[in-house]
Amino acid sequence: MELFKVALSLIVIASLSATLSSAHPGFNFGWGGHGGSSGWSFSLFPEFYQFSCPQANDIVMSVLERAIANEPRMAASLLRLHFHDCFVQGCDASVLLDDSATIVSEKNSGPNKNSLRGFEVIDEIKTKLEEVCPQTVSCADILALAARGSTVLSGGPNWELPLGRRDSKTASLTTSNTNIPPPNSTLQNLETLFKRQGLDEVDLVALSGGHTIGMARCVTFKQRLYNQNGNNQPDQTLDKGYYYNLKSVCPQSGGDNNISPLDFASPAKFDNTYFKLILWGKGLLTSDEVLFTGSAGTTMQLVKRYAEDESLFFDQFAKSMVKMGNISPLTGFKGEVRKNCRRVD
């Protein structure tokens, strides 16, 4: 059945290839290339489910609308899920796998444990898709669709999303611990970790703008308040009024799971306020503020430009999300399409 569906996809690709290559010159079907067991290479493209599951995005959006209306914070959680997936083994839904006899789950890594959220929403989307289009839409594509949908429903940009990712049969706890940028990252550390994924400084600043929505736990910014440089002093780049407000939420002892908005001015609205706050010394995480106070003039200028021009930020965020979503996808005959996103079939 699985091979039949892949073969059917090839027929669809063949029928669309001439149209798509002109309409989407970035997509290369690579006939006769070196990818996949068939001897062909495969690329992602927006119309991947045009015939096999044309209602896929509508189903995703219907679940997201309810989930985000019930809890606006969920939009940021789902956006973060996609990010934490792509930075480990590529965008392959490895982050969704639970512990099993063969899997050591990425959910238990330092960046993810007691922090990553939204798994139940992904489960609901997958269940509804399986009812309509059995074993067709991958969990990796669900994560990408949910990230875009969450951005749109929060007031952010839309973009044409290449699809056709397949799901991994493995996970990597170790890589999850080493590849996902920690909240106390220096600018150099951020640039190194993004470069490892083929992402540049423009992508770094634009994608960091995803922090315009969502919350962070006290444990992720406590160091800034009480011992930023190992001298029992706060981060001197913090605005003083903001510093005292954060201290009331995040005590020196305890309170690690208390939460504070990443963008306190409009925490549920996807806009460019995040960059304005950074300019004012009111970025919540060290990894936010160093975009402006770090030594690289490029990131500082980008923060200023995005603070001044929301449409410029929206345009680049969309481009960088597509670029991130293209990190090492499994395509063609590689991987699988899971029936349940939490376990390998």
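Each Cβ is built from the backbone N, Cα and C atoms, and glycine gets one as well.
Note: TrEMBL annotation is automatic and uncurated.
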Please name the cysteine among C133, C139, C218 that TrEMBL pairs with C341 through a disulfide bond.
C139
Compile a sequence-ordered list of residues in the same chain as D92 (Ca(2+) 1 binding site), six or more apart from it, whose Cβ lies below 8 A from its Cβ; state 'none' when nothing qualifies.
D85, A140, R165, R166, D167, S168, S328, P329, L330, G335
How many neighbouring Cβ atoms, not counting its own, are there within 10 Å of the Cβ of C53 (disulfide bond)?
17
Whose Cβ lies within 8 Å of the mean position of the Cβ atoms of D85, V88, G90, D92, S94, E106, the Ca(2+) 1 site, other than those residues?
H84, C86, F87, Q89, C91, A93, V95, S168, A171, S172, S176
Just to confirm: which same-chain residues, 6+ apart in sequence, have a Cβ under 8 Å from the Cβ of C133 (disulfide bond)?
Y49, S52, C53, Q55, A56
Residue pair P181 (substrate binding site), C341 (disulfide bond) - Cα distance, angstrom, rounded:
25
Using Cα positions only, nearest of the recorded positions to H211 (heme b binding site) (R80, H84, C139):
R80
Just checking: which of C218, C250, C341 have a Cα that is within 10 Å of the Cα of C91 (disulfide bond), counting only these disulfide-bonded residues?
none
